[in-house]
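S.K.: Okay, handing you the structure first.
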C-alpha cells in the first residue's frame, strides 16, 4: 500500500501527467497528419457543395458566414481521439481507417446531394429495400472531382506499408485521447453558449442550430459534426408531434386564409361518373413536350393527346427526400412530405381521409393502385393501402420476364396493366407509375428508336431522350387498347411527371454538351400535368401550380363534394377555378404573381404545417383541422 506522502505526490502529479499525455497526443504525427487531411477535405467539400451538383465551386454561395474553424478542428479532433485507444502496432492504421470512414461519409453526402440537394441522414436506414437494382443510378452520381478525396488515403497507405518497421511508433495513449476528447467537448460547449445563445459571433454564424439551408449547417459543423447533430435531431424527430391548442388555432386560420369561395365555372363536375386513370411518368420533364430532334417527335403519343387536354405547362415538382414516393404522396393526398427522411418509410400507416381513393370511393368508384416494381420499393404498397386503395398490385402480380433497370419494362408492364383495367368494375380510379425512364436512362440499344445528333448520342441527355421516347411508345399502345375496348371515351387520362429527370440528376453534364438547342438546356423543375378526355377542348394553362394542386383540381372536375377536398383538408388549390397564382417548391422557394405579404407568409408556412400534420398522423384525429 502507498503511504500518505506517496498518495499526495501522485495526486499532485496527476494533472501534470494528464497534461503530458495531452501534449504527446497533439504532437502525434499520425494524428496531426490525419487531422490536417480531414480539415482540407472539409474545406474542399464545403466549396464543392456550393455548386448545385457538387461538381464545381460557387464562391458566392460557399459560405453563408465566416466558417467557425475552431469548431471544425475540435469536432474532428474529438472524432480522431478514438485512434489513441490502439497500440503502436495498429495505431497508424487506426487513424487511416478513421480517415477512410470520414471520406466514405463525405463522398456519400456528395452523391446524395447531387441527386436530392440534401445530405445522408439516419432515416435512410429504414430505406434499405430501395437499394435493389439501384447500383447504376448510385454510381452515376460519381464525378472525376471525387478522386481528390481518396488521393491521400492511397499515399498514406503506401507510406504505412513501406515504413511498417519504422522506429517511430506511438504507444497507446488512452489518457491523451480522452483529454483531447474532453478539451474538444468543452470548447464545443463554450461555442454553443457564445455563438448560439449569447450571439457573440459573426453575422449568420451558428453551431448547433438547424439552418434553413443544409449547406450552412454543414459549413458550421463540418461533416462529422453535422451527422452527430443529425443523430440528435433524428431522435427528437422520432417523437410524435402534438399540436397545442393555440398552434392548432393558428393552423386553422392559415388554411382558412387560403380558401377561395369562387362561383363554379364550366369545369365543375363535367367529368362526373367517368373513369379516372392516373399515370405517374418516371422523370417526365416539361421541356420535351411538343419538341422534335432532327424532325423526330420525342413524345408523339403524348403530343397527340394535347388537342383534347387541359395542359398545365407551369406545373412544378414538389418532392423532397422521398423523390418518386413523395410524388405519390403529394398527388394522392394534397399534402407535402416530411422534411427529414421519407414519409413512406417513416409514416406508412398514416390516415388520409381526404385522399383520392377515399374521395372517389364515396362516389361509388372501385380503386386500384399498381406498380411494375416490388411493393417494398419506397414502401409504396403499404402506404397506398393506408391512403385508401382497395386493390394494390406489385411486380409479383405480373410477368417479370422482360425487365429494364428497376423493374418490369414499360413495354411489358403497360400491356399487362391494360389487361387488368378490363377486369375492373366501372367507374374506377386506377393509379399507376412507369419505371423504364428512371435514371441513369440506359435502355437496350434495340429499344432506341430515335436518331440523335452525334453531340447528344451517348450522353445522359441522349439516354433521357431515348428512354422517354420508349415509354411514350408503349403509353400510346395502352391508350389505343383502351380505345379499342371502348372504355377510353368514358375515361379521363391524367399524366404527370414524378420529378425532373436529366436536369435533376445530371444538369452539370447537360451543361457540358456543346451545340445544344436552347430548349434542351434548362427545365427549371417543371413537370407537365395533362388531363385528357375526348370531350375536352384543348387548352393550355400557364398559371403556377404544383403536385399538391392535382387532387383538388381533379376532384372539382369530377364533381366531388367540396367539403371532401376543401382547404381545411388539402394544402393545394383548384387550378381550374382560382384567382391566386403561386407555387411553393420543396426548397421553400415561392413563385407567385400578386400575392400579398401576408399571403406569401401563409403559403410559405404550409411546408412546415404539413410536416407536423404527418408526424402527428393528424387526419386520424377528430380534433384535427377538419371542420
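Just so it is clear, glycine is given a Cβ too, placed from its N, Cα and C backbone atoms.
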S.K.: Do you know which of 69-86, 195-212 TrEMBL annotates as transmembrane segment?
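M.R.: Among 69-86, 195-212, the range TrEMBL annotates as transmembrane segment is 69-86.
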S.K.: Identify the transmembrane segment range according to TrEMBL, selecting from 134-158, 234-258.
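M.R.: Among 134-158, 234-258, the range TrEMBL annotates as transmembrane segment is 134-158.
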S.K.: Need the matching range: TrEMBL marks transmembrane segment on one of 170-190, 275-295, and I'd like to know which.
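M.R.: Comparing 170-190, 275-295 with TrEMBL, transmembrane segment matches 170-190.
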S.K.: Tell me which range among 31-49, 50-68 TrEMBL lists as transmembrane segment.
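M.R.: Transmembrane segment, as annotated by TrEMBL, spans 31-49.
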S.K.: In the same chain, which residue numbers or ranges, 6 or more beyond the ends of the transmembrane segment (31-49), come under 8 angstroms Cβ to Cβ?
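M.R.: Same-chain contacts beyond the ends: 25, 55-57, 59, 62-63, 67, 72-73, 76-77, 79-80, 83-84, 95-96, 98-99, 102-103, 106, 109-110, 113, 145, 148-149, 152, 156, 215, 218-219, 222-224.
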S.K.: Name them in sequence order: residues not among 282, 498, 499 whose Cβ is within 8 Å of the mean position of the Cβ atoms defining the Mn(2+) site.
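M.R.: After dropping the recorded site residues, what remains is 280, 281, 283, 284, 317, 319, 323, 324, 327, 433, 438, 497, 500, 501, 527.
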S.K.: Averaged over the whole of the domain 'Sulfatase N-terminal' (274-559), what is the pLDDT?
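M.R.: Result for the domain 'Sulfatase N-terminal' (274-559): average pLDDT 96.
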S.K.: Go through the chain and flag residues at least 6 beyond the ends of the transmembrane segment (170-190) whose CB is under 8 A from any CB in it; none is fine as an answer.
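M.R.: That would be 17-18, 21-22, 24-26, 28-30, 70-71, 74-75, 77-78, 80-88, 91-92, 207.
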S.K.: Within its own chain, what residues at least 6 apart in sequence put their Cβ under 8 Å from the Cβ of residue 438 (substrate binding site), listed in sequence order?
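M.R.: Non-local contacts for residue 438 (substrate binding site): 137, 282, 283, 405, 406, 467.
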S.K.: Across all the protein chains here, work out how many other Cβ atoms are within 10 Å of the Cβ of residue 498 (Mn(2+) binding site).
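M.R.: Around residue 498 (Mn(2+) binding site), other Cβ atoms within 10 Å: 26.
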